[in-house]
Amino acid sequence: MNPLGFFTLAALVVAALAATPATQRTVSSHLTAQDQERFAKVFSEGLKSNDLQSLYYASANVALPAGDVTSTCKRLFTLHGESKLNDFEKNFYLIGARKNFGCKEALPAKVETAVKAALAKDATTAQEIYYNFHSAKLAGLAVDEKVRTTLGKNLQTVLKKDDSLNSLGHAFAVAAELGTAGSFAYDRIEEAFVQADEVDGKMLQFEGGLSITALIVNGGFKLATSLSKPAPITADQAVKFATYFLSRASVQTPKGVSVLLEALKLLASQKTIAPVCVRLAGNGQLLPESPVLSVRVCDLLGKPLSPALAALSTTVVSRTTNDALVSKVNLVPSKDDATLYTYNLKSASPTRGLYRVDVDAAPSYRQQLQVSVLGKVRVSSLEVGVGDTDSAASSVKRQSVTHPSKLATVLNADSQQKVVLKTALVDDASGKPITVHQCFVLLRHQETRQEIIFVAETDSSKAYKFEMDVGARAADFGHKSGLYEVRLIVGDALLSNSFQWHLADLELKFAAGDSQQQQSVDAAASSRKPLPEIVHQFRAPEKRPPRFVSDLFTALCIAPLVILFGLWAKLGVNVKNFPLSLGAIGFHLGLGAILVLFGIFWLRLNMFDTIRYLIPLALFTFICGNRMLRKIARGGSSEK
């Protein structure tokens, strides 16, 4: 092989490996025992419900106690008579629940007649065909080939008018029962599934939520199975639909739980594309003394796989160095739990850190998990001391304390001094210095239990140090002198022995006077009291003008009206052409009423009350004015 061909082949191999997905036909969750218990509770509550739909879906999933059959059946028939659902839908719920409960009461004749009549006539929606057909089946009515052919033609006609997701879902469910008469619907399956919405590249769902998604998935698979056709979706799509259904495991209604369980059972039964759950058993934290990797493998319902996997291998890689801790080792199946596989990493001597776990079950399943191997921290050394503020930290006399002991003597510090602390933390297994997520120094007043926390910082040698100028920090303590506990807090997500250590007692003396201390105490006390209530206040009104100015302005406003009436009196008012009709009288009365309303608004009403009264007055005045003007127009045209 020439060099160019060799490098080309190598590049193709690398590209193929890079394109290998981290997961294949696997999901990271399944229905748990807690989920099943909650579902049983939802169905139990549904049996007591006064909702006809809830009663039916509960009856389809749990058995009714023998002692409650009579009373529940009586309630069922009462609810049917009171239901405001469509006749075809409430008849379906009645017939189905009656059969599930084993009621001795006969099916009402009008219900049976309605179901027979519905099959003989054309329905207007696929939903109506679905409920009528299944009502007939549950009631034990004969549905011969002629009826199936008629229903198939009716279904085709309906889908030409309405091909929404809801209509297609119900059509698939009916077509699956019609045999060859429903084979036409198979060509519409792809049209339905391409409308699924992808969420975050991890889930597939249909607009309309759980009910519509379950309806289309269940109907599509049933139709394909009845016609001996391939599954309507790929293995990758099955994973995304299963992920969506599992994300809705918190549903709280009998119908929601019922369709969810039906969809998950259906997906789990599709052996060629069914996804399985591969997840960690536990919290993913491996203890240093017993680093046992535990992986749970089950179907979507949390049940063991049948047949069981021939082998389950894993590769554990460090996320820090990308070095493989173990490669292609087989996990050991548990004797007590058919879903549990384990592998003890003790022989590989894992160090503290994060690891990627690649799980493979040839040839179909692949999952990528994350675990953390915990370590133990040990305090190699700790020194604490008190020195002058202006002295170097290295010159401060310090005392060593051994974990978990406490310093025998009490440290004393005033406002002219500083407190220094230095500690070295090492890995208990290797003895090497380590850094942690949290390293705090806590000072707690022994009487008031008030606390203040400082962050210890690392130096070049990875040792943690803390230095506090007592005088500069007086305000943080509220100038509260007294005996304080000194505690070291060490914590990390990768530690199995995080701790809080009371290492010494420290007597602090602040230089603040009695009045300043009392002010600090009072301020601290007042900060814990309820704040005064916030009461909304409107802006104070502007200062009104003097009475003389107000009266003068009012007189000037009224003057034009007085002059108008005076001139009318002098000239004489001619009202002989005033049309004496209901429209004219009503218009002038309405106009006057509006003027009076404006006057009252000025004196006492607010804007909203005025508008409420003004609208009917304005409508009345408009109608009367329109009639008056039409009459005047007719009178003018007749004179001409």
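A Cβ is built for glycine as well, from the same backbone N, Cα and C atoms used for every other residue.
In TrEMBL, annotation is done automatically, which means it is predicted and not curated.
Annotation source TrEMBL lists domain 'Ribophorin II N-terminal' at 31-268.
The helix, strand and coil residue counts that DSSP assigns across the domain 'Ribophorin II second' (276-373) are 3 helix, 54 strand, 41 coil. Per TrEMBL, domain 'Ribophorin II second' is recorded for 276-373.
Summarising model confidence by region, the domain 'Ribophorin II third' (381-508) averages a pLDDT of 91. As annotated by TrEMBL, domain 'Ribophorin II third' applies to 381-508.
Sequence annotations record features per position, and here TrEMBL assigns domain 'Ribophorin II C-terminal' to 538-633.
Here TrEMBL flags 1-18 as signal peptide.
The transmembrane segment feature in TrEMBL is assigned to 548-568 (among others).
For 580-605 (among others), the entry in TrEMBL reads transmembrane segment. Counting only same-chain residues 6+ beyond the ends of the transmembrane segment (580-605), those with a CB under 8 A from a CB of the stretch are 613-614, 617-618, 620-621, 623-628, 630-631.
Annotation source TrEMBL lists transmembrane segment at 611-629 (among others). Beyond the ends of the transmembrane segment (611-629), by six or more residues, the same chain brings 579, 581-587, 589-591, 593-594, 597, 605 to within a C-beta distance below 8 angstroms of the stretch.
With DSSP classes pooled into helix, strand and coil, the tally for the domain 'Ribophorin II C-terminal' (538-633) is 74 helix, 0 strand, 22 coil.
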